Amino acid sequence: MSFSRSAADAADTLPDLAATLGAPALGAFVTLGDAFHTRLPAAPLPAPYVVGFSDEVAQLLGLPASFAAQPGFAELFAGNPTRDWPAHALPYASVYSGHQFGVWAGQLGDGRALTIGELPGTDGRRYELQIKGGGRTPYSRMGDGRAVLRSSIREFLCSEAMHHLGIPTTRALTVIGSDQPVVREEIETSAVVTRVSESFVRFGHFEHFFSNDRPDLLRQLADHVIDRFYPACRDADDPYLALLEAAMLRTADLVAQWQAVGFCHGVMNTDNMSILGLTIDYGPFGFVDAFDANHICNHSDTSGRYAYRMQPRIAHWNCYCLAQALLPLIGLQHGIADDDARAERAVDDAQAVLAKFPERFGPALERAMRAKLGLELERENDAELANKLLETMHASHADFTLTFRRLAQLSKHDASRDAPVRDLFIDRDAFDAWANLYRARLSEETRDDAARAAAMNRVNPKYVLRNHLAEVAIRRAKEKDFSEVERLAQVLRRPFDEQPEHEAYAALPPDWAGSLEVSCSS
C-alpha cells in the first residue's frame, strides 16, 4: 500500500495504513529505545467525521488532493484503524519532563498525543505525523487523553496561519471530530488534530533525562537531534555546546517574530519549547487586538508570567533550563579528568552562550520593526521610534494588526492621509506627535510612498487569526457546519493580500469578542 495510490482503490488501501507505518516508517525517534517512549494503540473515537483538512500539508507529504475524500480517512486520522495495529506499527507517546509556570513539574510526556508515522516530504525532509486527542497514555496523569473540538480547530487554523505568516511552526493536516462527550469547564465534544513536524522533541525531553541522572540517554537524545537536525554542530569544538547555541538562536529568532505580529503563545512552559525553534502546542494562544504590552491571552495565567511583553524574557529563561539539562554533556571532548573542573568549565561555557540571547533577539526584533515601519535604511534611533509607537499604541489601546497595516497609507508629505490609522488612537494628539517623528524619519528614505507601502504590506498582515474569528468557526462547527473553518483557513493562507471580498475578516473585533476567554482546559 502507498499513499500515492489512486482514489479508486482507496477503500482497500487506507485500512492497511497502520500495517505499513511501522519501523522504520515510524521514524528515527522510535529507534532510540523504550526509555524514550511507550508504544500503544490509540483509543477508538466513535463515528468520526472530517472537520478540516489542509490540502497544502497533504501536498507537502506527497498525498493526493482528494485524500480527505477517500473512504476510511476519518477513521484513520481518528486513530481508528479498521484492523489491529501490528506490533511493529504501534504508535508511540514520548516521555519528557519540564518546568510549568516556572516551577519544576517532574515527569510529563505525551498525555494525549501519539506519533503514528513518518512520511517523506516533497521538500526533501521527513515529517512525523502526530495525532492529538488519541486517548490516554501512561503520561496522561489525571487527564482523559482527549482533545476537544474547540481547541483542535484553533490549533488547526493557527498552525497554518503562522506558516503563511512566515513564522516557524508545526503544521496541521486535519481535524477529525466526534460526538463523544468530554468534560472540561463544560460538556464538549471530542476531536483529534493531526500535527505534522520534522520533530516533536522539546526542551523537556532533555530535562527529563538530566533530572533522572541518565547522562547516557541524554547523550543519545542529543546525538539524535544533532545528527538529524543540526549536523553542523557535529563539526564544532563542542557539539553539545553548539547544539545549545543553535537551539537558543532559533528560539530568539522565533520569539522576535512572535512579537512582531503580536502573537502570544500563552503557555511557554519548557515542555512546550521545540528544540527546532518551532511554534508548538497551540493552546490558549492569541493575537493581540487592542494593544496592551501586558496582554495575557491565557486566563489561567493569573500572574501574567506569559504576557506579551514577558515572552522574550521567558524564552531566555527556558534556554537556561535547556543549558542546565545539557551540562553533563558540555565539555566531554576536552578530556578534563577532574569532574568538578569539567563541570565548572561547562557552566562557564554555557553562560557565555546564553549571554548571546539578547544579542540575537534585540537586532532580530529591530530588523522586523524597521521592516514593519517601511524603513529601508538603518538609523541609530529606529528602535526608539518603534518603541515610541508601541507606547502610544499601548496608551490608546490601538489595534495592533490594523495600526501597522494602515501605516502603509501614511504619506511622507501629506498629513491629511493619516485618518485611517489615526482613527485607531484615542489620543489623536499623541499619534500626531509620533507621526511627525515618523515623517521626519521617512524624509531620509529614498523610496517613494508607493514603494514603501508595497514593502510594508508584504510584512504587515491584514489578516490574523483573531479569537472572535476562530470562535465563529467553532460555533458553526459545533452545528456540523464546517464551511467557516474552510473559509477562514483560505483567508489566512494569504494574510498579506488585500482580499477585498473578505474585508470583514480584517475588521476591528466586535464588542462581544472582549468577553472571550481561552485557557489550558482543552
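Glycine is no exception: its Cβ is also placed from the backbone N, Cα and C atoms.
These numbers come from a predicted model, not from an experiment.
Together with Gly109, Gly111, Arg112, Asp144, Gly145, Arg195, Arg202, Asp281, Swiss-Prot lists one candidate of Lys132, Lys356 for binding ATP, that being Lys132. The recorded positions considered are Asp144, Asp271, Asp281; of these, Asp144 has the fewest other C-beta atoms within 10 angstroms of its C-beta.
Residue density at Arg195 (ATP binding site): 25 other Cβ atoms are found within 10 A of its Cβ, drawing on all protein chains shown.
Across the fold, the C-alpha of Asp271 (active site, proton acceptor) and the C-alpha of Asp144 (ATP binding site) stand 19 Å from each other. Rounded to a whole value, the Cα-Cα separation of Asn272 (Mg(2+) binding site) and Gly109 (ATP binding site) is 11 Å. Of all Cα pairs drawn from Gly109, Gly111, Arg112, Lys132, Asp144, Gly145, Arg195, Arg202, Asp281, which the record names as binding ATP, the longest spans 22 Å.
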